[in-house]
Amino acid sequence: MARTTPIARYRNIGISAHIDAGKTTTTERILFYTGVNHKIGEVHDGAATMDWMEQEQERGITITSAATTAFWSGMAKQYEPHRVNIIDTPGHVDFTIEVERSMRVLDGAVMVYCAVGGVQPQSETVWRQANKYKVPRIAFVNKMDRMGANFLKVVGQIKARLGANPVPLQLAIGAEEGFTGVVDLVKMKAINWNDADQGVTFTYEDIPAEMQELADEWHQNLIESAAEASEELMEKYLGGEELTEEEIKKALRQRVLNNEVILVTCGSAFKNKGVQAMLDAVIDYLPAPTDVPAINGLLDDGKDTPAERHANDDEPFSALAFKIATDPFVGNLTFFRVYSGVVNSGDTVLNPVKSARERFGRIVQMHANKREEIKEVRAGDIAAAIGLKDVTTGDTLCDPNNVIILERMEFPEPVISIAVEPKTKADQEKMGLALGRLAKEDPSFRVWTDEESNQTIIAGMGELHLDIIVDRMKREFNVEANVGKPQVAYREAIRSKVTDIEGKHAKQSGGRGQYGHVVIDMYPLEPGSNPKGYEFVNDIKGGVIPGEYIPAVDKGIQEQLKAGPLAGYPVVDLGVRLHFGSYHDVDSSELAFKLAASIAFKDGFKKAKPVLLEPIMKVEVETPEENTGDVIGDLSRRRGMLRGQESNVTGVVIHAEVPLSEMFGYATQLRSLTKGRASYSMEFLKYDDAPNNVAQAVIEARGK
């Protein structure tokens, strides 16, 4: 089957934003204008097409990033049909993992900001993730019809808070209730959308006289930004020649692809204004799969030779699984992005990460939670496969005869855990199955059994994250669970270097004995300097410990790191240097050296000024001005460090760093302090030494 849409007319984009910027409504409008959806689904009444889990519709927030395919030929039907694959990404900080994994497979992104709230803390997190994957992006300033809407103020915040170079493509005509349309700064015309047909048709008109001067000024800014794309254009511009519309668009596109500028559009998705022109900007300025660098990977040749795959149907098949979802009707759905080649339903592919072959039974293209079965997918496509058995998020799928392992994704460590137990014994097995499935879907969610208490522990990125997991167990798997108190993921570390710590394990009373003897130095590592949080240096000279026992010493220490001597929490940022010891020809063994190493570690750890580390969260609270004092006082009582505050249209934004252990139940307290008028967001920032009294209480509670 031949390709129906040339790859140059593909756009794989994400729609990304903070909570309440109106991202889901924006996506709904995209689906409406591209002709997929004939009745607009509003978030207000829980009917939005992209929010397809029940909890999302109840809570009005987007949890799972659903992928949808749509076609767009332009507002004035000025293009050949372009295939736009949209990945909707959640804005809540507990679901940062969803944003991270969608950024990994996108070619471009639309950042949605609220014209009133502007750039929020969550916007900064998403921005950093987009920077990490070098995703070209444009911005859409939404909610121009709301009280306090100010387009140019948000443009200023994109520059100041995100360190970006924003270039407005449009200006808003009016604001709040008086918002009627936009000025197109490329064409220098006003665009007015027709309210009678929900904005499907529009007219170009003259720029309102009172805006002409402002429009000229920002048009000049746009032309200058375009001219900076090349010396040739700059010479033309400085020579006083006019740049053509085509030259402007081509130059700006190049600068967006190079991540040098962020083009900014505006509108009100709710009022059916602006989304249409933003879609045109997606086509004009965001990359096709062929515009972004080839994907890197490693060949399976025993030497890990670097290789790459280009967005080309003729190259061998390669794809990345970026999301696993459980569908009530068909079981496992594996969402994947094809980077190169072609695959047909019925084909067998290799998962080199698991060394397992998988058969593509059925391939579907998703429209939110509706699906259309297709026979093949090609380079640039995003689709879902039904029935893949052992694939997890981040795995590669490739041609078995041309094996490549694509770059893996990075997933954060959970910061909060709770114990869960089924309400009835009969649910025990069902709960295990449910948690296993959910963990497969979500790599930032972990499940394990506590060896001491035999309880099932679940861990994730925040209270809301775990609430939703428990909720999904009940809804999707019919398992009711009792939930324990949230537990903080503390860590242990040392603060000073200790040298010549000896560990000896010797049992030599006739027959074959046991003998292992090590001498080590222990030292703290700079936090974050080593991704594993541990380094082992073998400095043995003259064979005082034979080479075959060295790995056992390393292993003995690593086993101790899982549960530190202070309170049984994992040990991080530790370096160990093995430099002396002794062995016995007959009695030495790997086990003896493992035990000797663990004895040395325990002794050294106590002497090296051990500390308990607690997770510190970056907290931002938006509150009405009259409640500022109460909110700050409450954060201080929670051992919060204030990092500044600023005023905005709706009140005051307070920035603070607060230990996670002090933030449980904060939402309820904030509601009562401000009569429900404040909101907050929180994300993990760093680990820091817990004060003595806190550390003591934690250690005592752990019964150490």
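Any Cβ shown, glycine's included, is placed from N, Cα and C.
Note that this is a predicted model, so its numbers are computed, not measured.
The following features are taken from Swiss-Prot:
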BINDING   17-24, 88-92, 142-145  GTP binding site
DOMAIN    8-290  domain 'tr-type G'
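This view paints the features noted in Swiss-Prot onto the structure.
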residue	record	DSSP class
ALA17	GTP binding site	strand
LYS23	GTP binding site	helix
THR89	GTP binding site	coil
MET144	GTP binding site	coil
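Taking all protein chains in view, 29 other C-beta atoms sit within 10 angstroms of the C-beta of LYS23 (GTP binding site). Fewest Cβ neighbours within 10 Å among the binding-site residues ASP20, THR89, MET144: this applies to ASP20.
Other Cβ atoms within 10 Å of the Cβ of ALA17 (GTP binding site) number 29 in total over all chains. Per-residue pLDDT, averaged along the domain 'tr-type G' (8-290), amounts to 85 for this model.
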